Amino acid sequence: MGFADLLDEVGGFGRFQMIHVTLLSIPGLLMASQNLLNNFTAGVPEHHCRIPNITAALNESTAALLRAFIPLDSSLTPSRCSRYTDAQWHLITDRPSHTNASDLQTEACAEGWTYDKTEFISSIVSEVSLKVISESVLYSLFSCRFGRKGMLIWSYFQLAVLGTFTALSPSYVVYCVFRFLTGMSVSGVILNAVSLKVEWIPTKARTLVGTISSFFFTFGQMILAGVAYSLKDWRKIHVAVCLPFFAFFIYSWWYSESARWLVLNGRSEEALKHLHRVAKINGKPEMTEKITLEVLESHMQKEVQSSKSIHTVFDLLKTPTMRKISMCLMVVWFSTSFAYYGLAMDLQKFGVNIYLMQIIFGAVDFPAKLVALLMLSFLGRRITQGTCLLMSASVIFANIFVPKDMQITRTALAVLGKGFTSASFTCIYLFTGELYPTVIRQTGMGFVSTMARIGSMAAPAVLILDEILPALPSIVYGGSAVLAGLIAFLLPETLDIPLPDTIEDVEEKRMRVQTADKNITIIHK
């Protein structure tokens, strides 16, 4: 008997769980906006060197005048980084080529740049002429000490305040500071929401709930495209996607703290109140008399004894099974995020309207996650995780051999790869929450998901390798996914298995599996 049995007695997946999961999932509509915001707030508009006293007068009818001031690059488009020292009026009527202009003297953009406002009215690039990705994760390390609900509420508030104030950044440095702090709160929202969902739903409902919750993030990607297209100003976009978190902050006080966490932290009376509340909302008021403090503690006696010891991040690596799980998950989280953001955060390279591309990248997640749901339910977590990563790698590698002039084919393969990495993300969040025990679940998720943050920061940097060899970024992304896909098969399966509450539960499960394997070997002999 354990906490899972108590959940079944108070209604299983009842009305409370439906409301609880829905309220926790709604902010996911704007999580995509936070993670992929730089596609639009830091998008690079078409630009060229500013021509003093002339550029301001140029419009569609006189744009040809630029030929007299701006040289052509290798693709016969206006250069972004240089201009002629003196006006070359004869080039206006000449046929574009390199031969008639190669000997003309050029200079750098001394007066800055002029930006095309068709795609973006204003971006951080057009205002400060620079692009960067800054995001971090720390808050998950505190939730094991201060609770899931408390840290989630604070994360909502921090994201709402700092995210909104980002729009007021007077300089690039201030912008980076605000984005860094906002990134911390984004991680706090995601990880604490996952734990609150997992720890209040019965074992059999975890797969369905985890997948459906991820659809909120998917739909949010399409919302981001609509918001960005409507506003086209990075400051207004920031306000639009961050202001709603004030509403999430207000209603988040309704959440119930994880009863598992409360019991394991010596607050059994509070846990009992939450269980009684759940029973009443689920239409099981009679259970408030049957489930007493003694019944609750007897169901979790072993867990309570284990929780008396202090757990730290080092416990993730102390015992054999925990060490194996943590090391494998670090690689899987890094590679999933690495490949995902390598595709999702460079939409401009596909040569398709960036807003349309964002919608396509979001829409592909719906069939991808439905396939993931079926695989998770029937094949298990381990096979699903490994297969999704290996399939994403195969698509990324295939794109290397597609000529650049076949843009539609290249885009289609990239969209397919994005779908597989999204399915991998759906699986890894659920898988990680099931692998780590309650006493250290949030610390574990924070530890391994830090690798995802590193992966998301490293992904755009790898694109620089394109200057050495065009296929190199794809080789790196695909190679990483292959490695992680193979390593994922080393993780233990968790399909239809109750959540572990202590480190001892995890280690005992390994011993039971080893004993069963030995018995099977003896029988065969």
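For all residues, glycine too, the Cβ spot is worked out from N, Cα and C.
Because TrEMBL annotations are produced automatically, they should be read as predictions rather than curated entries.
Sequence annotations record features per position, and here TrEMBL assigns domain 'Major facilitator superfamily (MFS) profile' to 59-496.
Positions annotated as transmembrane segment by TrEMBL: 151-172 (among others). Sequence-distant contacts of the transmembrane segment (151-172) (same chain, six or more residues past either end, CB-CB distance under 8 Å): 27, 34, 124, 128, 130, 139-140, 142-143, 178-179, 181-182, 184-189, 192-193, 196, 234-236, 238-239, 241-246, 248-249, 252-253, 255.
The transmembrane segment feature in TrEMBL is assigned to 208-231 (among others). Same-chain neighbours of the transmembrane segment (208-231): 13, 17, 21, 24-26, 28-33, 36-37, 39-40, 121, 197-198, 201, 237, 240-241, 355-356, 358-359, 361-363, 365-366, 369-370, 372-373, 376-377, 422, 425-426, 429-430, counting only residues six or more beyond its ends whose CB sits under 8 Å from a CB of the stretch.
Annotated transmembrane segment per TrEMBL: 237-255 (among others), in sequence order.
Taken from TrEMBL, the feature transmembrane segment applies to 325-343 (among others).
As annotated by TrEMBL, transmembrane segment applies to 355-376 (among others).
Feature annotation from TrEMBL assigns transmembrane segment to 383-402 (among others).
Residues annotated as transmembrane segment in TrEMBL: 408-432 (among others).
What TrEMBL lists as transmembrane segment is 444-465 (among others).
Here TrEMBL flags 471-491 (among others) as transmembrane segment.
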**Request:** May I ask for the residues of the chain that lie six or more residues beyond the transmembrane segment (325-343) and have a Cβ under 8 Å from a Cβ within it?
**Result:** 35, 316-317, 361, 385, 389, 392-393, 396, 414, 417-418, 421-422, 424-425, 428, 432, 435-436, 444, 447-449, 451-456, 458-460, 462-463, 473, 477-478, 480-481, 483-485, 487-488, 490-492, 506
**Sequence-remote partners of the transmembrane segment (383-402) [C-beta within less than 8 Å, at least six residues beyond its ends]** = 332, 335-336, 339, 372, 375-376, 409-410, 413-414, 416-417, 420-421, 423-424, 427-428, 431, 471, 474-475, 477-479, 481-482, 484-486, 488-489, 491
**Message:** As a test of reading the model: what is the averaged pLDDT for the domain 'Major facilitator superfamily (MFS) profile' (59-496)?
**Reply:** 79
